[in-house]
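Participant: So TrEMBL says this about it:
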type     : residues : note
COMPBIAS : 832-846  : compositional bias 'Basic and acidic residues'
DOMAIN   : 669-796  : domain 'U3 small nucleolar RNA-associated protein 13 C-terminal'
REGION   : 818-860  : region 'Disordered'
REPEAT   : 56-97    : repeat 'WD'
REPEAT   : 98-132   : repeat 'WD'
REPEAT   : 140-183  : repeat 'WD'
REPEAT   : 184-225  : repeat 'WD'
REPEAT   : 392-427  : repeat 'WD'
REPEAT   : 437-472  : repeat 'WD'
REPEAT   : 490-523  : repeat 'WD'
REPEAT   : 532-573  : repeat 'WD'
REPEAT   : 574-615  : repeat 'WD'
REPEAT   : 616-647  : repeat 'WD'
Amino acid sequence: MASLPLKKNYRCVPSLQQFYSGGPFAVSSDGSSIACKCGESIKIVDSLDASIRSTIEGDLDEVTALALSPDDTLLFSAGHSRQIRIWDLSTLKCVRSWKGHEGPVMGMACHPSGGLLATAGADRKVLVWDVDGSFCTHYFKGHKGVVSSVLFHPDPTKQLLFSASDDTTVLVWDLLTKKCVATLSGHNSTVTSMALSEDGWTLLTAGRDKVVILWDLHDYSCMKTVTTYEVLEAVCAIYSGTPLSSYLGSCKKQNGKKSGLSETCFITVGDRGIVRIWNSEGSVCLYEQKSSDVTPSSDVDESNRGFTAAVMLPSDKGLLCVTADQEFLLYSPVKLPEGTLEFELSKRLVGYNDEIVDMKFVGDDEQFLAVATNLEQVRVYDIASMSCSYVLAGHTGIVLCLDTCVLSCGKPLIVTGSKDNTVRLWDSESKCCLGLGIGHMGGIGAIAFSKKRKDFFVSGSSDRTIKVWSLDGLSDNTEKPVNLKAKAGVAAHDRDINSVAVAPNDSLVCSGSQDRTACVWRLPDLVPLIVLKGHKRGVWSVEFSPVDQCVITASGDKTIKIWAISDGLCLKTFEGHTSSVLRASFLTRGTQFISSGADGLVKLWMVKTDECIATYDQHDNKVYALAVGKKAEMLATGSSDAVINMWYDCTASDKEEAFRREEEGVLKNQELENAVLDADFSKAIQVAFELRRPHKLYKKRETEKQMEKALLALGEEEIKLLFEYVREWNTKPKLCHVAHFVLSKVFNILSPTKINEIKGIGEILEGLLSYSQRHFSRMDRHETNTYLVNYTLTGMSVIEPETDTRVLHDKSLLHSSADDEKGTLINEPEDEERKTSQRFKEEAATKKRKSKKSKDGSTCNKKAFRLAMSTITYSETSPEYLRVTSNDGEN
């Protein structure tokens, strides 16, 4: 069998991140993006695949209201701090902010013109602001409770503003007269939502009193009250020209009903988690969903269930509903062959996953990913779009573990273990529960399918037991799950069991526990085979090698160990994680493995060399979940930071990229050499910068004109890069002269204003100044030290003082001329010859005396010279000693 190529690197693609933590949100005018509150930040999310387009960070407090301008260029936000902010979505910067309310802002709406912003506050006031000037244009006060929502009339000819409050009333404000023109009282509970009909003359209000009231805006009277028998959170009017309106019209014709002129169709959602369509004429329900798509919860609090908001998307994009557990459900109306209408769930975007506990790939093609979080359900994601395809609901406790397999018939199965002490077997295609296993006395924290025959699975529980469950007796009847039978069970450990794994040939099972041991058992009767002891903390993960008779374990003692099954000896120990190692899985037929830990790191290891060849830091918290694809070309990791990252093998692509860069480097090097030989220094500098090899240029000696010409051809980015190189050269004494030569040329060519415009130049110049000061101080010290050398050598008569012969000659001429003026006789030639001879004799005698003195004191002179040189060396670091030495020399 040919060996598989080793994995050297994985490329991370952040696939699923937290983007909505509940609360306010705003949908763009075209429905392509959603602005969501996420903790203390705001995230702009793509409505197609839940990818985060941008994030608005800053000094944001808890966001309580959001709104978008009609052209989607501005985002308005407000929070508990009462600060109203306007964000430019192109730059993600706050362009204006102000305070106006005396309490938190609970709702806001932007005028269709985009020039006005209305805010509703907990201080019972409604304020209208000028967007450009940030000043208040209208001050409305009249509610007796918290104002929860506001709505502008879409018709610019009707300058009306509607506000709904906890005092069960809706007030209508005239923007021209700045007065309240009507008080709509009819609800018995909080008004949660408002909507306007297509003609603009009917106002729909929904409340928690389970009714929808239609108001006539001609005289502000109550036209109709529709009882829905459901606590309502949102109402949406249906306009003509939409696919939903055409479907409703065809349905009415088939039923023999005529459309009235005054009838209004609308959608309601509430705590039941279903979508219903109503007709105001007769107050009849035209459509009701058969079952809720909201994830059922075991929470006793009913307020945490159902829908919390709904928005009709433009064009034919359908209906967007928001659930209490931070999910966005996108419905599309579909006309069935029998002519009836159905809302099809086209997309489920999960805004918050909480901690990712476990995950596995589903199916042979591995297009889906089953994820267990801190919920009672298992969410199955489509890897291509990372939208939640479906939810497996049935457990009454948090799902702690799961595993997947594909039967010989091609049916994909999912098995889950929960805190409710039960295991469930699911059909991934029909999305139904096939079997239920009851028998454990504690929460099931580990589960694993058979690898070969795939006719059983093993579970480990906090009751310290292991059980083997048979898949016999399963039927295609999905109405009621069958009771699964346990073939064997054993009390395996002294503490909770964290992990179980089945051998590739289904002959053995290994279990890891908090009692710091891992045990190997023989199937099918769970006969103990060997105990693996050596870890100092609990064992979090166990797995069999796909080819060798060994087991890998990951422990809370920050180590990973490989054990021999035959004698239980530890073959290798791997250290590198800085915290507990939570998962470890083999790759490449057991020659490599990958691990994840509580330190948020994912590491790739070589088994043969005990070496970690790659470390990835893409998580901010504990990485509990690690899923490996069948060919190890794809990985998935999930952590307690609610982030799921997909990893793709990029070893081959990295190799090709390195080869391509090497080829380009060779060509660029040749291009650089040719440019230098041709004296084309502008091109040479550009190529040297691209290659990051500027030393190729300062080895050459160019003329100043060529240097100036080359510098003039550089752009702003290249000038900045040049300054960075100069800063680096300036740190080295051998290259500082080159740095200052280049600096002088740059300063002569570029003006200070242009240099100051370069981004980040200030930090670079600060680095240049500090080292330049050192260089100039060093040069000053050397210059001062040369005075001492000169003085010392002169004092030892090693060198003669310099005299200017021209000055002496001029003095002698002046002296002669002065004698002539006084009338002194000019010497005769004989006297001159006699004086010259006498001078030669005196000079010869002086040379002999100096020669004798030099011979006698040569040793003393050498010692004095060495002492002077040592004094120079010390004087470089101590100017005070230099002055003392100079004074001693003078004395």
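Yeah, the Cβs are placed from backbone N, Cα and C, and that goes for glycine too.
Each of these features: where is it, how hidden is it, and who are its neighbours?
Facilitator: When Cβ-Cβ distances below 8 Å are used as the criterion, the repeat 'WD' (56-97) is approached by residues 23-30, 33, 35, 37, 40-44, 103-110, 112-114, 117, 119-121, 129, 131, 134 of the same chain, each at least six residues removed from its ends.
When averaged over the repeat 'WD' (98-132), pLDDT in the model lands at 94.
If one looks beyond the repeat 'WD' (140-183) by at least 6 residues along the same chain, the residues whose Cβ comes under 8 Å of a Cβ in the stretch are 106-113, 116, 118-122, 124-128, 189-196, 200, 203, 205, 207, 209, 215, 217, 220.
Same-chain residues lying 6 or more positions outside the repeat 'WD' (392-427) and placing a CB less than 8 Å from one of its CB atoms are 295-296, 298, 357-364, 370, 372-380, 433-438, 440-450, 454, 457, 459, 461, 469, 471, 474, 478, 481, 484.
Among residues of the same chain six or more beyond the repeat 'WD' (490-523), those with a C-beta under 8 A of the stretch's C-beta atoms are 442, 445-453, 458-462, 464-466, 468, 529-533, 535-544, 546, 551, 553, 555, 563, 565.
For the repeat 'WD' (532-573), the residues of the chain that approach it from at least six positions outside its boundaries are 495, 498-504, 508, 510-520, 579-586, 589-590, 593, 595, 597, 605, 607, 610, judged by C-beta separation under 8 angstroms.
Within the chain, the repeat 'WD' (574-615) has long-range Cβ neighbours (under 8 A, six or more residues past its boundaries) at 3-10, 537, 540-541, 543, 545-548, 550, 552-562, 621-626, 628, 632, 635, 637, 639, 647.
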